[in-house]
Amino acid sequence: MSPYGNGNLSVMPLQEFVLDGFGGGPQTQALLFTLFLVLYLVDVLGNLTMIVVITLDARLHSPMYFFLKNLSFLDLCYSSVIYPKALFDLMSSTKVITFAGCVTQFFFFSTMITTEGFLLAVMAYDRFMAICNPLLYPISMRPSVCALLMLGCYCGGSFNSILQASFTFSLPFCSSNHIDHFHCDVPPLLKLACADTTTNELVMFGLCGLVIVGTILVVLVSYGYITVTILRIRSGGGRHKLFSTCGSHITAVSLLYGTAFIMYAQPGALQSMEQGKVVSVFYTLVIPMLNPLIYSLRNKDVKDALWRLSQKHTAT
């Protein structure tokens, strides 16, 4: 019997779950609602702005910004899979989600966030090719290759999500249907299982560890070569520009992989759900909100494109 199951409860087919979310009284719930709403609106506005600017400005039609636009799309999608429902639950006395709705929410959330992990590795490889092999870059990162790399990211994300969902939702759940979280995720769902979850935990740690370690290796190797190449540049201005561009990506990688490791890729991840809720807010809302700021504030091309777009809008 799993330590996370409730041995005194009968097994029954569940039609719905209840998302317990965050504790506290009405004032706490209202405060969290206001905070999450503001962060979510900034997230949506920032990522939509990045998508629109990159789409409309022809000077940003390059592999780097193609991947950056997809990053904004993923950030927008996986936060939107969670927070409209979470905001509604904060103001509602009933926090019910159907079994099918829980499966759907988890599948799309897991797909998008895993795809983003693969995408960050592809973006590091793109910078490696641009900086270390500039003569081959137009050929090696031509549009068809970029599209295939992006498709590979989505396929990898979908594969991970299908495996995780299959193992998790095939478990028998006890009659307690209260999920100690604000969205459907593997760790809190395993606590409701009436069967041994050792295999599920190994699958979660194994898959997440493989994705995190594999993509981090790609990032580290890419930036190792990039650092050596940049240090060989004699121009201080050129060196600063390259470090600034790469710094934005390293910041985004560190934020996502760090929180994902805390949540999924260590054995203690299942023990504290309160800690898990805080970490989840950080990587499902705060990071998607910060990414457009990280890439726009430290990127002269994006700032120039924003200025040109605003000037064009003012002129009309």
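Just so it is clear, glycine is given a Cβ too, placed from its N, Cα and C backbone atoms.
Since this is a predicted model, take the numbers as computed values, not measurements.
What TrEMBL lists as domain 'G-protein coupled receptors family 1 profile' is 46-295. For 30-54, 66-84, 96-125, 145-163, 202-226, 246-266, 278-297, the entry in TrEMBL reads transmembrane segment.
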For the domain 'G-protein coupled receptors family 1 profile' (46-295), the averaged pLDDT of the predicted model is 87
Other same-chain positions with a Cβ less than 8 Å from the transmembrane segment (202-226) and lying at least 6 residues past its termini are 114, 117-118, 120-121, 124-125, 127-128, 131-132, 156, 160, 163-164, 167, 186-187, 242, 246, 250, 253, 257, 260-261, 264-267, 269
Most Cβ pairs under 8 Å to the transmembrane segment (30-54), of 66-84, 145-163, 278-297, goes to 66-84
